[in-house]
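Q: Residues or ranges marked as domain 'MIR' by TrEMBL: 296-359, 370-427, 431-491. Sequence annotations record features per position, and here TrEMBL assigns transmembrane segment to 15-33, 67-88, 100-120, 154-174, 186-203, 208-226, 246-267, 575-597, 641-662, 674-694.
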Amino acid sequence: MLGFLKNPVVVTAEINVNLVVLTVMGLISRLWGLSYPRAVVFDEVYYGQFVSLYMKRIFFVDDSGPPFGHMLLALGGYLGGFDGNFLWNRIGAEYSMNVPVWSLRLLPALAGALCIPLAYQILVELQFSHCAALGGALLILLENSLITQSRFMLLESILIFFILLAVLSYLKFYNLQRHSSFSASWWVWLLLTGVACSCAVGVKYMGLFTYMLLLAIAGLHFWQMLGNQNLSNVSLLCHFLARGLALIIIPMAMYLSFFYVHLTLLYRSGPHDQIMTSAFQASLEGGLARITQGQPLEVAYGSQITLRNVFGKPMQCWLHSHTNTYPIRYENGRGSSHQQQVTCYPFKDVNNWWIVKDPGMQQLVVSNPPRPVRHGHIVQLVHGITTRYLNTHDVAAPLSPHSQEVSCYIDYNVSMPAQNLWRVEIVNRESDTDVWKTILSEVRFVHVNTSAVLKLSGASLPEWGYRQLEVVGEKLSKGYHQSMVWNVEEHRYGKSQEQKEREVELHSPTQMDISKNLSFMAKFTELQWKILTLKNEDTEHKYSSSALDWITMDTNIAYWLHPTSGAQIHLLGNVLTWASANVAAVIYVCLSLWYLVRRRRKIYDIPEDAWQLWVSAGEICVGGWAVNYLPFFLMEKTLFLYHYLPALTFQILLIPIVLQHLSDYLCRSLLPKTMFRALIVAWFSSVYLVYSTFSPVTYGEPSLSVAGLKDLRWKDSWNILIRKQ
């Protein structure tokens, strides 16, 4: 029974020395001196704020993309014991001792280092030689821009890592397809493809470009499988379902999980939650939740409420009135009703309170039991402090003359009777008998007499209106806009009939208790919509550039400058590598067109298997470059050179592919092959020389003299920082 112990247990393993050496070199190049400089470098000032908010569990919204990349950076801070206490307000600011700089920069650096062995394996899986794969990996290793971007608390290196991992996983899966479908390794690589794609999209939406490319390639490969008569219908169905599960269902589930973790971690209110709906804000600890906790859920006749405009642009604001009236005549000579002003005010104020009144009764308190207001009910809205009724009539609004003026009615004993009846329409109702609910219900107020809808125009009133936002009556149309929608934010049941007692009541907190927690899907949907639609004002940045500048690297970005010496860090690429990548792309396109024309004429210059490898390489490398570069010509946003790095990575991988193809099929005799290889060695030596030349501005040391810095300005468009003597 124990006979197996007579012989020693032997484990054998194959070790690819190329991979080991490349990985070690990558780690050295990316991790060496990682804590230098111990100062905020370029966009660390941006991402660092989010890391601090994660450490403090404070909610935020970043319109640049999903939260997975931010969470990875925050993980580095967590592992380093960061408490989140640092003021991220200036590039170049020295880090305090509580900031674990090395830990915060570790994950981007590791991702950048691992891109090198991934590049090697991708070229091997594309069926190119180990020599070509080694060359491609070394080009990634010696690319100055990729080194710079991966050594700081930035997201591009993490994005490129997951992109390359997705490509490698799909290639391994596809190569296993031929002889071991549905094996354990087949499933592992297929599932890893979907996981890596979802991670890439979760880091930045730019990852969606490569994800779409791989989906298209997978679709093409499955289309080719349909023509295989050796596969049964059941087998094809299983292949289809497996790909759908791994490449669509799992990435969607993982994408949702990123937001679930994000929202679970960030449960405290902060400055960013003001752009969210009242219901979302009320689900966070502190802030609005502290104010609204314990409010009655159902709005009843006699309820005291504040009404927040759902649109939230140009800023969040609440329906408001004060004792001041509209001027008798505006600056342009038009007349007004001279009624009490109604505006939208962007701050909490006692003048934001309104009382929901039953038109058929005089009382302004909630009855016992309360009579809830439902969809379609007619109400009057009484301003809590001035006790005047919300009103509109056929008088042009002050800044929107095509809309009606909204006011609180003052009886001047003239021929302008009050028109203060409003119909409550619950936009997000489930049935026509829905009750108007605090925070949850989104409502429109339709004027009974004129059918105008209460709307925030967004225009700022002049000095006489204290620069508050204009509210108008918009004629009802078939469609509706969020500026016409309001929700009750603060709410209490009114108990005081006397005005003085009521004013005291309006200043007091609510007491009743009811929960308004949103489901995860409701919070996810709202947050996702905000990320996609929230746009910060794009301003021209000193180092912004156009997509055309990137191909020839006519631009650079100064990341950091030492406060006293000439030491500095720039995002600058290896000029020779960038130029060679462009040449390789041109050669690939020209050769492909030549081959296509010749094949159309039944002339086959290269073997069929070589042609298939050439096409497959183009799908990945040229396709990867195109989908990660060309969309930027359609984007209306501030662009920077680092946006080009994912596309550049694919283009660099094309260089050894083209070189091997030229060596194998154009240099057919020994002498041309020898000369071509000698040229490659000389060219590669030049690549290393350029890398070494620009290393001082890649790593920030050693400090260069003024003359040395001027020598690095190879292009007039480069902004190398030189201190005035």
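Note: Cβ is positioned from N, Cα and C throughout, glycine not excepted.
Nobody curates TrEMBL annotations by hand; they come from automatic prediction.
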Q: Six or more residues beyond either end and a Cβ under 8 Å away: which residues meet both conditions relative to the transmembrane segment (100-120)?
A: 18-19, 22-23, 25-27, 29-31, 34-35, 38, 48, 51, 72-73, 75-77, 79-82, 133-134, 136-137, 140-141, 146-147, 149-155, 157-158, 160-161, 164-165, 168, 649, 652-653
Q: Which stretch, 67-88, 154-174, 186-203, tops the Cβ pairs under 8 Å count with the transmembrane segment (641-662)?
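A: When the Cβ pairs under 8 Å are tallied, 154-174 comes out ahead.
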Q: Taking contact to mean three or more C-beta pairs under 8 angstroms, with sequence separation of 6 or more, is the transmembrane segment (246-267) in contact with the transmembrane segment (15-33)?
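A: Contact between the transmembrane segment (246-267) and the transmembrane segment (15-33): absent.
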Q: Cβ under 8 Å, sequence separation of at least 6 from the ends of the transmembrane segment (67-88): give me the contacting residues as numbers and ranges.
A: 40, 44-56, 95-96, 98-100, 102-108, 153, 155, 158-159, 199, 202-204, 258-259, 261-262, 265
Q: Kindly say whether the transmembrane segment (154-174) and the transmembrane segment (575-597) touch, using the definition of 3 or more Cβ pairs under 8 Å where each pair is 6 or more positions apart.
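A: When sequence-distant Cβ pairs are counted, the transmembrane segment (575-597) does not touch the transmembrane segment (154-174), since fewer than 3 lie under 8 Å.
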Q: DSSP says what for the domain 'MIR' (296-359): how many helix, strand, coil residues?
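A: Output for the domain 'MIR' (296-359) reads 3 helix, 30 strand, 31 coil.
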Q: So if I exclude everything within five residues of the ends of the transmembrane segment (15-33), which remaining residues of that chain have a CB under 8 angstroms from its CBs? That is, six or more out.
A: 106, 109-110, 112-117, 120-121, 130, 133-134, 137-138, 141, 147, 150-151, 699, 701
Q: Based on DSSP, tally up the residues of the domain 'MIR' (431-491) by helix, strand and coil.
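A: So the domain 'MIR' (431-491) is made up of 6 helix, 29 strand, 26 coil.
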